[in-house]
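Okay, structure first, notes after.
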Amino acid sequence: MRNELLDFLEFLKGEKNLSHYTVDNYYKDLTQAENFFNEQFELYQWDEVTHKHIRHFLAYLKDKNYEKSTTARKLSAIRSLFKFLTREEKIRSNTSALLATPKKERKLPEFLSIEEVEMLINAPGDDPFGLRDKAILEVFYCSGIRLGELWGLDLQNLDLQTGYLKVTGKGNIERLAPLGSFALAAIEDYLYNARPELLKKNKSVENCDALFLNKFGTRISQRSIRRRVKKYVQQTASEHRVSPHSLRHSFATHLLEGGADLRAVQELLGHVNISTTQIYTHVNQARMTEVYNKYHPRA
């Protein structure tokens, strides 16, 4: 099982050109499934796994209170693996094709008000870490890029003259993301007054090209970024469950509330399908309903 799984991951990296972050998610999901089949059924070959075994795995996930979207993602990973193994003639048939995908719950994205965003962005201090964190928060909100996209930014991806970032999104698709004046000012402050101090901590002979650095002068991790965002959320006493992705949701929602065209927002977010962007129109409708019910005398 392990060798076939590793071959599949190499296929995703080499042939599909998927990002390290996406391949890592495939690895985690499929390793969990592999361990389940080993421990529960003593199955050690993918060719031995039937659709009934996969159903048991899905039932296990449901018992563990995994969200439907997470379960659907794990099943999708299994299907992709089985499709690959069938094509490579490592298994006789693709039994995963017999399973229906769990219906995803259509959750409205969590987003902040403009006032809450301002409080969050102004929470970091004036030390090197605070200047870095403020720049990170500004970039999230002003550009709407994903966590993985921000994490992967190098100095050469930033053009201060034009005010654009070159980001690599899902499927290794590159796009330009505009930065507003506030984000540019925060980045310049970080570049001139904080990044050089952090870079001094780097013991490596080679310079680090990463835009955002940690206390060791190397690229900050995605986990650390999440942790820093959570810290400032707690400081501002926000009632929302805020993550870096919440700032992306806020970016899209505030653009639409300001009258932006849905197609333009799709381009800015890097969505392949406009149906993914349309969920933000539901957010606006929910907001309008709330305002109407609260303030209209005939509601």
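The backbone N, Cα and C atoms fix where each Cβ goes, and this holds for glycine too.
The following features are taken from Swiss-Prot:
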{"type": "ACT_SITE", "residues": "R146", "note": "active site"}
{"type": "ACT_SITE", "residues": "K170", "note": "active site"}
{"type": "ACT_SITE", "residues": "H245", "note": "active site"}
{"type": "ACT_SITE", "residues": "R248", "note": "active site"}
{"type": "ACT_SITE", "residues": "H271", "note": "active site"}
{"type": "ACT_SITE", "residues": "Y280", "note": "active site, O-(3'-phospho-DNA)-tyrosine intermediate"}
{"type": "DOMAIN", "residues": "1-86", "note": "domain 'Core-binding (CB)'"}
{"type": "DOMAIN", "residues": "107-293", "note": "domain 'Tyr recombinase'"}
**Message:** Return the residues near R146 (active site) by Cβ distance under 8 Å, restricted to its own chain and a separation of at least 6 in sequence.
**Reply:** G169, K170, P244, H245, R248, G270
**Complete:** DSSP, reduced to three states, assigns Y280 (active site, O-(3'-phospho-DNA)-tyrosine intermediate) to helix
**Request:** Could you tell me which three-state DSSP class R146 (active site) falls into?
**Result:** coil
**Complete:** For the active-site residues listed (K170, H245, R248, H271), most other Cβ atoms within 10 Å of the Cβ sits at R248
**Fill in**
Using DSSP three-state counts, the residues of the domain 'Core-binding (CB)' (1-86) come to 70 helix, 0 strand, 16 coil
**Message:** Applying a 10 Å Cβ distance cut-off over all chains shown, what neighbour count does Y280 (active site, O-(3'-phospho-DNA)-tyrosine intermediate) have?
**Reply:** 25
**Message:** If I take the alpha carbons of H271 (active site) and Y280 (active site, O-(3'-phospho-DNA)-tyrosine intermediate), what is the distance between them in whole Å?
**Reply:** 12
**Item:** Confidence summary for the domain 'Core-binding (CB)' (1-86), mean pLDDT rounded
**Value:** 91
